[in-house]
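Worksheet: one structure, shown below.
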Ligand SMILES: Nc1ncnc2c1ncn2[C@@H]1O[C@H](COP(=O)(O)OP(=O)(O)O)[C@@H](O)[C@H]1O
Ligand SMILES: [Mg+2]
């Protein structure tokens, strides 16, 4: 639905669903305990959701589980084999029988190991498929989210979620889930066999159950809390390292290596504290379980020994019993850890599903009958916008029309809203009030892909991916061939310097393009944009780092191309050469359009443009700043900036 009324707070960046997770920062999503998300999913619901991801692999999982359980069955049977060895072979003194029985027990061992191994292999490899699916879905969903979401997150935190949280889920689905089944079967099976063999001895073992159950519950809850804390600390230290590495030029130039290391160390110490607590708790738990198990073993040994002496049971039965006690104590020992692992996975899955559940605010509900052609007429109709819901307006009732195929220079003081306006046109953010129309249609009615195919922005902050020059330019149009890439580079005045690089277009640009100068990066970004062949081209100080002479060549090409192809071009700039070649100049102040007209008109009007010239904010580099100031003083004698109310003026 379109927002047609002035609803500053309703239509703001924080809205509806987004309120819980979107706007409250990384802490919220990464720390489920502090999330205000009203419907926290229950543990079984989370597990069911994870199971849904496992559905494509049902066959593999079923076979794996059956094999693992079969392996466990073998482990259940072999103590009986050992009892037979002790009673029949050793008892009878028949050496041949001892050999045969020993080989049979060995066979059971091997068979159990092979079957169990195959099952584990199947399940573990399925876990890898599952985590691949989950990570792919997660990144795909993340990249769908609004820019505002990313501005409230730390990149290191998000990547930690992509890696360690999904790994936790994988661990729960394969290792933990299967161990639980396995240990459960082992527990029930061992108990069953023990009762069958000798219920009195079995009764002694059941005394273990309440002790270890209480221990498991107590420790399990504690484990869960500490591991959750540890995970948060881990994400935090990751984020710090991530920022220090990506901000390396600043860290170096300000000699802040020790500062960053200290920050990282503090985070690591907090992590280490949690992890030490975790290890200590684990050691305590295992120790207590071992003590209670030893007590049970001694009790059985003593009581069973008495029964053997009284010839009520055989020595073999007692040996088998002791094996089963070991089995059962192993099960109890792992339950607390499994419980904690499952809870950790529940925490991880809630963080992952929280991310998966966030819906972008920028909707893609497009009109189906959208025209494929575009003549590039852009209308800003009473547009209002603010980044936050605190009522601060970055764009305020702006009205402006840009004719199809025309070139408009957008000028104004830094922070007056120029970049924001271009972002609105590309729907990186949605307007809070009014409408932006292209060819008379609200841009929210176009499919996002349609819009972003026709509107291309080259922003002040150029981002290049690590990869070759060619790959970076081709990012603008993945179908483009090498010739087209080169043509776009020539157009952006990048070809000459690219040709001089060691490996030409195949030269690696380094992380974020660090191996290139600022101006070179800008030209690659321009080539990338040109390759898209947009209908509306937005240049946001896109040539600010390029030499003046080269900038002029780029501008001349853009203008000539624009006229030929009917491309609407909006240039945000502080340089006079760009302003002069534009058909019209629009002057922004405080998020409003306060002046518009041709350059000559505005200079002679002596308004805001003239003031910007006088203040040296708009400069002409080849004439020198001094000369320009003198000229503007002459052109705009003691004029005050008039606030001109403009409505729907065609540029
Ligand atoms: N992502 C953001 N979140 C919050 N405020 C922002 C954001 N980007 C820009 N602003 C604010 O919006 C105002 C206009 O910024 P911008 O459009 O970048 O100005 P210009 O491009 O004209 O220099 C500035 O006051 C700036 O602080
Ligand atoms: Mg800007």
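Sequential numbering from 1, following the chain as shown.
Heads up, the Cβ atoms here are built off N, Cα and C, so glycines get one too.
Where the annotation comes from TrEMBL, it is an automatic prediction and has not been curated.
Summarising the annotation, TrEMBL assigns region 'Disordered' to 18-42.
Annotated compositional bias 'Basic and acidic residues' per TrEMBL: 18-27, in sequence order.
Here TrEMBL flags 61-86 (among others) as transmembrane segment.
Taken from TrEMBL, the feature domain 'ABC transmembrane type-1' covers 63-344.
Annotated transmembrane segment per TrEMBL: 98-123 (among others), in sequence order. Same-chain residues lying 6 or more positions outside the transmembrane segment (98-123) and placing a CB less than 8 Å from one of its CB atoms are 60-61, 63-75, 77-78, 81-82, 84-85, 88-90, 174, 178.
Here TrEMBL flags 185-209 (among others) as transmembrane segment.
Here TrEMBL flags 283-304 (among others) as transmembrane segment. Outside the transmembrane segment (283-304), and at least 6 residues removed from its termini, the chain residues within Cβ reach (under 8 Å) are 198, 200-201, 204-205, 207-208, 211-212, 215, 219, 223, 313, 317-318, 321-322, 325-326, 329, 332-333, 336.
Per TrEMBL, the feature domain 'ABC transporter' maps to 378-615.
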Confidence over the domain 'ABC transporter' (378-615), expressed as mean pLDDT on the 0 to 100 scale, is 91
